[in-house]
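Take a look at the structure set out below.
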Amino acid sequence: MDKEKNDYDKLFSEITKARHLVAFTGAGISTLAGIKDFRGKDGLYKQPNTEKMFDIDVFYRDPSVYYGMAKEFIYGLEEKQPAIVHTVLADLEKRGILKAVITQNIDLLHQKAGSKNVIEVHGSPSVHYCINCSYTETFEETAKTAKTGEVPRCPKCGSPIKPAITFFGEALPQKALMKAETEASKSDFMLVLGTSLLVYPAAALPAYTLRNGGKIAIVNNQPTQFDSYTDLLFEDLEETFEEIDKRLKKV
């Protein structure tokens with residue numbers, strides 16, 4: 001237990017002395033909020049035909065494939081609440097310690113927790129757009145129709161509405177990716193949280209920090225390719241952030 005306490009003390013020390021702290025988050029922090037991991041053992045991709053859900057060619061042919069599966073998984077997100085990782089990161093930002101959150105997630109829970117500088121490298125459902133014209137609408141506007149399982153359509157031209165999430169077959173949002181690379185390069189300490197670092201190009205972001213002389217800490221329940229680059233390795237996200245939160249409240 002003493003060793004664990006020392007490890008948490010060391011992690012907290014690195015967090016608070018960092019000049020440019022950045023967090024890089026993945027699906028593991030969403031599972032704490034009751035959202036299934038896409039690739040986990042009970043994840044969405046383990047269910048029949050769900051790989052078609054985020055296939056851009058399938059969407060253009062038949063958008064009902066996406067909306068039929070997404071009505072609960074995506075448009076039920078309004079009912080989900082941030083977990084302790086989300087709330088502690090928001091607190092760190094509010095205190096001026098954390099400079100940016102880079103996330104692979106599409107659940108908007110960082111924003112719901114109060115984080116302001118959130119970079120969504122796989123796109124965001126906060127905006128939906130017509131695939132034919134320039135019309136856009138909010139998540140909430142689209143969700144009204146999407147929750148029924150129907151395909152939301154543009155009020156101007158009648159074409160399907162698509163979330164600004166990156167589907168398979170689409171490029172990542174370049175503006176967000178460039179901003180993420182900039183933040184990772186500036187970071188002298190990066191928290192890698194709940195991601196196994198398997199999906200590129202986002203998985204390479206810790207390398208930007210390391211290349212520029214920064215350090216990383218990894219909190220994930222599975223090994224990653226960057227484990228050998230740090231001695232700050234933790235498995236339990238919830239426990240780790242409870243320990244960070246306890247120390248933060250004493251500051």
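Each Cβ is built from the backbone N, Cα and C atoms, and glycine gets one as well.
Sequence-distant contacts of His122 (active site, proton acceptor), defined as residues of its own chain at least six apart whose C-beta falls under 8 angstroms from its C-beta, comprise Gln104, Asn105, Ile106, Ile165, Thr166, Leu172, Ala202. The active site, proton acceptor feature in Swiss-Prot is assigned to His122; the stated evidence is sequence analysis.
The NAD(+) binding site annotation in Swiss-Prot covers Ala27, Thr31, Phe38, Arg39, Gln104, Ile106, Asp107, His122, Thr195, Ser196, Asn220, Leu237, and the record cites sequence analysis as its basis. Residue environment of Asp107 (NAD(+) binding site) contains 21 other Cβ atoms, counted within 10 Å of its Cβ in all protein chains.
What Swiss-Prot lists as Zn(2+) binding site is Cys130, Cys133, Cys154, Cys157, and the listing cites sequence analysis. Annotation note: Cys154 (Zn(2+) binding site) sits in a coil segment as assigned by DSSP. Applying an 8 A CB threshold to same-chain residues 6+ apart, the list for Cys154 (Zn(2+) binding site) reads Cys130, Asn132, Cys133, Tyr135, Pro160, Ile161.
Residues annotated as domain 'Deacetylase sirtuin-type' in Swiss-Prot, with sequence analysis given as evidence: 1-251.
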Averaged pLDDT, computed only over the residues in the domain 'Deacetylase sirtuin-type' (1-251): 92
Which of Gln104, Thr195, all binding-site residues, has a Cβ with the fewest other Cβ atoms inside 10 Å: Gln104
Conformational class of Ala27 (NAD(+) binding site) under the three-state DSSP mapping: helix
